[in-house]
Amino acid sequence: MALAGTSKVVLGCIAFGIFWVMAVFPTVPFMPVGRTAGSLLGAMLMVLFRVISPEDAYAAIDLPIVGLLFGTMVVSIFLERADMFKYLGNLLSWKSRGSKDLLFRVCIVSAFASALFTNDTCCVVLTEFILKVARQNNLPPQPFLLALATSSNIGSAATPIGNPQNLVIAVESGISFGQFLLGIFPAMIVGVLTNAAILLLYFWKYLSVEKDQEGGQPEGPEVVADDEVTSHRFTPARMSHVSSLSPDDVDCISEPIIRSNSVSTSVNENLRSRSINSEADIQLAIKSLRASSMSHEMVEVSTVPDRRDEGASSRKFTRTASQQRSVIIEDLPPSPESNEEKEKEAEVAEKRWKILVWKTAVYLITLGMLVALLMGLNMSWTAITAALVLLALDFTDAQACLEKVSYSLLIFFCGMFITVDGFNKTGIPNTLWELVEPYSRIDSAKGVALLAVVILILSNVASNVPTVLLLGTRVAASAAAISHDSERKAWLILAWVSTVAGNLTLLGSAANLIVCEQARRAQFFGYNLTFWSHLRFGVPSTIVVAAIGLLIVISY
């Protein structure tokens, strides 16, 4: 395709340049409108400048990709409601053997979770939890945040539903879910392990420092209680003050009742001075116990047989913790409060059972969606069907759930499709590719290396999804000239490199920005992950992981 007219090329470059600035730097001072508005602005300018016609603009929107993205969002929302990510968080801290073990777990869990539930979703729900676990153990947050961001990106490369660019590749290439998984999953496993090893080497000294303790308590932020760490929502740590008891007191305590010391003393004296052999004394003892409702004395109630009457029914035996005295109390009629408690317990048990059934249904439907994808069914309609089944089985108004869908991301994709298609019509991408294409064929090691470098650089300059839209069909057409198998391999190389390229800089992936913003805004545990701190680790990690993964992908 030759270059279009000069005016069309210039205006198309202006529209695409505005879109690029808004997408990469969404809070620029002169127009801090965000990525979504910037995407729509670029699309509108392409139509206003007559780079693309209104009809072609509507046709440029890839509805199967939008539908697949919508379906996976709804399924992820239900999985979060079903505490899937809470269980993943619990898995991170379950029987952890130290800081290095915890870092390795973060890498593994975030990678596999991202492959199934998208990297952006995992970063949203796991960032704050990882911050709390790190602070609880008095560990530096930086290695764990980097582990979450980089491992989520690497793990998301394994499946078509792991990230947006893979959705585009899966739909455009026609590669089935199973073929995609088989082609990249081995590279993902090796890549995650390699990234974890680099993290451990890079932060070994920081992770090997023993926790400083003063008076048996670690310094730094207040430690969060274990039951609060397992919750995704943070509540300030609370300390419970429990009074100690002597062994003698513990032996005679069954049900503690708080009473005042003064009343307790009088009750004990009354109990000493009265006989326990007459019914009048028994009734008086009962009245005395009822009158002493505010005492701090601990009493124990048990049952012993009444020795005055053989064969008589058992009676309640009460003795104070400090005096070890016994008073026989006649049986009391059942309280109406006990029936109410039983009814409440039954209601709670019924609610728990319903919640368990609902969670099981959510997990089974999600599993069914994954099985259908592996069987090669249409990915877009499979995800939409699973989403609609979950909405129907919820038996509530779907508005509350649908409000959590990121419609801004869907609109961003629509605007981006139009903008990129308009930029393609200028002829600039095709002209540049014709200069590179003879040297980037995947039938040689040099060609694969050059193609990987181009994808790596362009993914960090123009973002990974626009890179896939710009290069996808061109790379596939070049590889198709070699063989059909080479075409499939070219798509997989594009998927792997464009995804791992997101680890190069903080701006390379939306998941990186999510981790950075979530960590900065986290209540009580805020941490600022800077651009340079990410870059120092991202450059060596990205180069090594991408190279090792490429060797595995091209050998498939």
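Glycine is no exception: its Cβ is also placed from the backbone N, Cα and C atoms.
Going by TrEMBL, these are the annotated features:
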type	residues	note
DOMAIN	27-501	domain 'Citrate transporter-like'
REGION	297-323	region 'Disordered'
TRANSMEM	9-28	transmembrane segment
TRANSMEM	59-79	transmembrane segment
TRANSMEM	102-131	transmembrane segment
TRANSMEM	181-204	transmembrane segment
TRANSMEM	361-393	transmembrane segment
TRANSMEM	405-423	transmembrane segment
TRANSMEM	448-471	transmembrane segment
TRANSMEM	491-515	transmembrane segment
TRANSMEM	535-554	transmembrane segment
The transmembrane segment (535-554) versus listed stretches 59-79, 102-131, 181-204: most Cβ pairs under 8 Å: 181-204
Surrounding residues of the transmembrane segment (181-204) on its own chain - C-beta under 8 Å, 6+ positions past either end: 100, 103-104, 107-108, 111, 115, 140, 142-143, 146-147, 150-151, 154-155, 157-159, 175, 374, 488-489, 492, 495-496, 500, 503, 537, 540-541, 544-545, 548-550, 552-553, 556
Contact set, same chain, for the transmembrane segment (59-79): CB under 8 Å, 6 or more residues outside the stretch: 52, 85, 117-118, 121, 161, 164, 167-168, 171, 362, 366, 369, 379-387, 390-391, 394, 401-402, 404-406, 409-410, 413-414, 417-418, 420-422
Overall pLDDT of the domain 'Citrate transporter-like' (27-501), taken as the mean: 76
